[in-house]
């Protein structure tokens with residue numbers, strides 16, 4: 001067979017070799033940093049690495065589900081910021097914690113539904129629909145809620161700050177618990193639910209899924225609502241950690257880039273239909289180790305961006321080399 | 001004399017499945033060489049290797065006796081090899097002359113210049129096509145002329161035609177044959193893929209027969225007749241069982257009218273057509289490619305939308321229905337089995353079992369919201385057994401199966417949804433002879449069980465063999481209806497082309 005490199009697992013399915021390479025590189029970097037950087041391999045620092053990647057993991061869960069269904073969610077960061085703002089404003093206005101969370105969940109579900117409606121019913125390409133909704137949502141929240149400001153300061157009494165900056169169990173910070181919960185939820189959705197099988201089917205062959213009578217439209221709603229909710233939780237985690245909601249994370253775009261980087265590096269191809277929770281973990285592990293190591297080495301943010309961009313290109317080139325595309329059997333729209 | 005083009009021991013595999021196995025094919029200078037064989041015999045793949053569209057997995061291409069690697073169609077064209085496809089590769093929004101000069105090396109053309117040059121060039125070929133006409137305004141025959149002119153313009157000395165006559169009217173066919181003669185007179189060598197054996201016998205100098213990806217025989221056309229070609233094509237008398245001697249059974253009686261379509265219109269493909277399908281019998285639909293049969297079926301199954309205004313009516317059990325997506329149609333028991341299984345038939349990352357089970361879920365045959373592996377295995381094993389899918393086990397991926405077994409999986413996906421009306425679109429395309437018989441048996445069994453079955457096919461013997469009623473489709477309309485036992489090939493074909 002043409003795919004000589006690929007290994008096979010139980011079901012005779014191809015294992016993604018990129019995933020193995022990324023795991024090996026992560027391990028190598030870890031060893032290198034542990035030897036070369038003082039204070040990297042301490043329990044304290046590793047705890048920080050874990051806590052710091054919580055919001056990235058949660059966002060990546062949302063993005064991964066969308067990409068497996070062969071969609072793209074460019075409004076993820078906008079939803080994250082908008083969700084955190086909605087929650088905090090409600091708290092400031094005197095609404096109770098649980099009610100505020102419920103309303104924020106409702107608002108984000110609405111945004112997710114709007115995205116899905118544009119994509120599944122109006123049939124606008126996902127990239128354009130979510131790009132437009134990202135602009136719309138950010139602009140609306142800044143105009144209507146913040147009065148043009150781009151920064152929202154959270155008081156120390158904000159329940160999100162209180163809850164998410166403490167430990168849920170002794171030694172388990174709340175963001176880490178939330179991160180694990182997100183991974184478990186994503187795993188269940190993709191692997192064991194009927195909707196999850198439809199998500200893979202849509203990513204694999206949308207025409208066949210539609211023709212076979214699978215609920216492609218309602219599943220699109222499930223996908224984008226799930227992503228929006230993940231964004232909301234990630235937003236709360238980030239807001240609690242920094243004490244602010246910063247709209248510049250939407251406009252500078254580097255977080256969105258990082259999320260896509262995690263998904264692609266982890267081995268979830270943009271053409272959809274493949275990948276799972278394990279891939280998210282693999283992708284985040286590399287980015288988290290790299291980010292922490294570079295920060296400890298005092299690499300400037302700009303230089304970090306250069307390196308991350310470089311890593312993405314290397315990964316894509318490597319993927320093309322390891323899983324050569326067969327132009328004769330490609331389906332239209334493959335990336 | 002060295003042949004102008006040769007494929008020596010060529011093999012082409014798609015994902016490990018050979019489409020062409022160790023075939024040696026030679027084309028002599030100035031000859032017309034017909035390539036015949038059943039659907040899926042490997043004719044197209046063989047010629048694609050010669051035209052640089054695909055690269056052989058093993059073996060080599062020899063040009064004038066020298067081994068040459070043709071990795072792209074453009075490279076083959078530089079060596080003088082051009083391929084003319086069934087679906088033309090012209091740009092519809094440009095004029096004839098612009099299409100002719102499209103691939104020229106010059107960066108910039110004066111329009112007037114190419115119209116004059118185009119006019120002279122077309123005249124020199126004796127083609128009656130206006131160089132200033134838009135390609136989209138031309139008929140199938142004229143488009144083909146432009147394709148051929150383009151090939152000649154690029155100094156092609158080998159031209160490969162992939163089923164050139166399939167979509168042509170009789171007059172256009174006649175023109176095409178005289179064109180082939182003129183090309184031969186100019187010293188052009190021609191490969192000609194055809195299903196129509198009489199054409200091959202009439203215009204070819206030599207004939208090569210292929211079967212199941214293997215070379216069967218090559219010889220002078222004069223040494224063949226229709227019977228000997230058919231024998232070589234099918235290899236055994238199985239084809240006689242299948243098509244030759246039709247089972248002399250009386251047509252099944254119609255039970256209830258399940259589907260009734262009135263004045264259905266959809267864009268340019270379906271124009272004001274009406275037909276009905278009854279339970280307990282097989283309704284065959286015959287028509288040439290582009291006659292609108294697939295589109296009409298797809299509208300019924302909710303895959304495509306009919307025109308918003310004056311789109312006509314579709315009634316299921318007398319109840320008007322209008323589906324925007326296939327899902328409600330599937331839930332109502334209408335299942336469409338696609339003609340292109342690779343494009344829209346199955347999920348290639350999933351196993352046979354997952355494919356079948358997911359379809360059961362879609363059809364509402366599995367209530368649970370959480371996937372049960374045990375249920376999946378049960379459903380899959382039942383259908384793999386019932387349809388005799390040959391695979392190691394249900395965990396094998398569909399893409400690794402042969403065409404016939406892939407088709408059985410696609411059929412299983414449809415039947416697991418317990419349909420009341422099944423529309424088979426080209427059910428045996430690219431399927432090996434053995435599996436064809438099994439699929440035909442299955443279709444007959446469905447009708448016996450009282451399901452309404454519609455079979456769309458462009459292969460006349462198949463339509464004749466299966467159908468209790470035959471509808472003939474031409475230019476977006478059902479133009480004629482025959483009882484299954486009263487029709488013969490000539491009358492049906494006559495209705496389909498005139």
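Any Cβ shown, glycine's included, is placed from N, Cα and C.
Curation does not apply to TrEMBL; its annotations are automatic.
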State the residue range annotated as transmembrane segment by TrEMBL; the candidates are A:221-241, A:305-325.
A:221-241
Of the ranges A:174-192, A:193-211, which one does TrEMBL list as transmembrane segment?
A:174-192
Counting only residues 6 or more past its boundaries, what in the same chain has a CB within less than 8 Å of a CB in the transmembrane segment (A:17-37)?
5-7, 265-267, 278-279, 282-283, 285-286, 289-290, 292-293, 296-297, 315, 318-319, 322-323
Cβ-based contact of the transmembrane segment (A:75-95) with the transmembrane segment (A:174-192), 3 or more pairs under 8 Å
no
Need a quick answer: max count of Cβ pairs under 8 Å to the transmembrane segment (A:174-192), which of A:49-68, A:134-154, A:221-241, A:253-270 is it?
A:49-68
Using Cβ atoms and a strict cutoff of less than 8 Å, what residues sit near the transmembrane segment (A:253-270) while being 6 or more residues removed from its termini?
16, 18-19, 22, 56, 59-60, 63-64, 67-68, 72, 74, 76-77, 276, 278-284, 286-287, 305, 308, 311-312, 315-316, 319, 335
